[in-house]
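Chemist: Shown below is the structure under consideration.
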Amino acid sequence: MAFELPNLPYEFDALEPYIDKETMEIHHDKHHNTYVTKLNAAIEGTDLENKSIEEIVANLDSVPSDIQTAVRNNGGGHLNHSLFWQLLTPNSEEKGTVIDKIKEEWGSLDKFKDEFAKKAAGQFGSGWAWLVVDKDGKLEIVSTPNQDNPITEGKTPILGLDVWEHAYYLKYQNKRPDYIDAFWNVVNWNKVDELYEAATK
């Protein structure tokens, strides 16, 4: 079965002024849509059509070598963006079990944000910054290049930030740190909490 572009759970302008409407439209309707189209083309006629995107990206080594790069890039792009849209909200509230765990691990939410921001700002070129739950149930901040996802390494992402230039350049140009600062105003902590609970069951 072909993968489909998911609908956004809010309007394109809902995250203004932090993430602008035009960026959201291009990011979702053009960039994400392209990943879906290219992923479907790559896996057409293979057993991968019957697997979930999580199964595919978590087991890239089992993908046939002739389509592995296309699946890694476009499958990762589809998975990452499908999660990213859910991790954003115009009604951000800093509460929940995961907030308490973050404070335990990093000392304060602000210290965590600083460490996450360093990882996001320090990602050379295109990529993502993530808060993940590792195999032992511990929280960790990691970054991945391009459209790689931490599940390939056996880690469960519960918060992610797209630091590809297409995610912020229209509004922030080369000022990636300003985009990272703005991100905290639209984080869907309810979703992060839900993902944390599922990952630590």
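We number each residue from 1, going along the chain as drawn.
Backbone N, Cα and C atoms are what each Cβ position is placed from, and that goes for glycine too.
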Chemist: Pick the one from His78, His81 that Swiss-Prot also lists for the Fe(3+) site with His27, Asp162, His166.
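Modeler: The one candidate that Swiss-Prot places in that Fe(3+) site: His81.
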Chemist: Looking only at Cβ atoms, how many others are within 10 Å of the one on His166 (Mn(2+) binding site)?
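Modeler: Here the count is 13.
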Chemist: For Asp162 (Mn(2+) binding site), what residues in its own chain, 6 or more apart in sequence, show a Cβ-Cβ distance under 8 Å?
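Modeler: The answer is His27, Asn80, His81, Phe84, Trp128.
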